[in-house]
């Protein structure tokens, strides 16, 4: 069975088309793998055995009739942030206890319309707030990777830790994820997988639990660049239900793979050489530069002067939007309700019991920066900084730069229940140092594995592109992947 779960989406698609395997066989192989591994890894918070089998059966029937969709019979995991009709959707928060939506998110509806099979809902940081998948109400996810000679558990990154871990451990062929400040790219880098955060507006946000609406964007996590391109094609669409959705044709991203990068101008931002960056990250970056240079790309030094303000500005804008978005969870119409002596007391008791520590922290920060006395000093100033960050990128792209290469994370995956990080949220927030600028500017960014560190843990590089030019990112990421190879964890679970 494990040989079936080892297939990439592209390989499985070809075998299904050739009728060498059936969607039912493939789905059963994944369900068996999940049942055997989930107690150890905790990637899934709900496994939809019956639904998966009936979807696979329907796929086999369509394949037999010659009516196969682009993802026909491909078993996928869905981050618990996406509404799935009649299926557990709780954003891994106690506040949404028992919530089963009566509607389907646009992203998942697009995937099912193309024939994909749902295996279940994936663990994540509560309401997508976190960088280690330790804030989930359902407990932490364990990274399928371990350091050489060690049995210590590592985090898979966050907030899409369940998506990244499930893809790396072959518990799904690919997964949906979301990215507000790095929640696709950082876990992808920590698990040796590929994750792309599309341009803001490329993929519909409708039916996805909102964290920070001006920053949130859905995208795929997959085993390789080709699989990410295949998934992205199905996920992206114009959606009139999302006012930020952009009416642009969705290209065939897979067709961009293998195109030459000769003459492509790749920018290297000097501001990303941060103090205290480990030598192994600098080394990886240089390797990535060399891979692209060897393939014919032109490497240029660039400056993004407002980079150093991105993280503090992000941690004002994102909590501000979150405090507004999360006001709707009050125990009245759905989810958890804790009785109180009157309605105000019920709200208070429900929200106190329903939200975890990190979510409460961010709601309080957000409410504080939006309050009358501090709005101008914090929120307004952060929005002005955001405009300057966006302009930095526009200036660089105006000079002919096609893509920007940076590290994806400042380190490899760190230990589960790390006391230093648990006691210092700012240190945890620094995990997003290379990724938040992309969300602040609404640009596309992809994380691609580029090597292993001295302890045998995966490290990723990030490519940042012009708005709606995801094809360029797939093209350049494919070059790095071809040079660096692919990375799979040794099985311990």
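Any Cβ shown, glycine's included, is placed from N, Cα and C.
Database features, via Swiss-Prot:
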ACT_SITE  79  active site, charge relay system
ACT_SITE  159  active site, charge relay system
ACT_SITE  183  active site, acyl-ester intermediate
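A map of Swiss-Prot features onto the structure.
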| residue | record | DSSP (3 states) |
| --- | --- | --- |
| 79 | active site, charge relay system | strand |
| 159 | active site, charge relay system | coil |
| 183 | active site, acyl-ester intermediate | coil |
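Of all the active-site residues listed (159, 183), 159 has the fewest other CB atoms within 10 A of its CB. Sequence-distant neighbours of residue 79 (active site, charge relay system) (same chain, six or more apart, CB under 8 Å from its CB) are 121, 122, 124, 160, 162, 163, 175, 176, 177, 178, listed in sequence order. A straight line from the CA of the residue listed as 'active site, acyl-ester intermediate' to the CA of residue 159 (active site, charge relay system) spans 5 Å.
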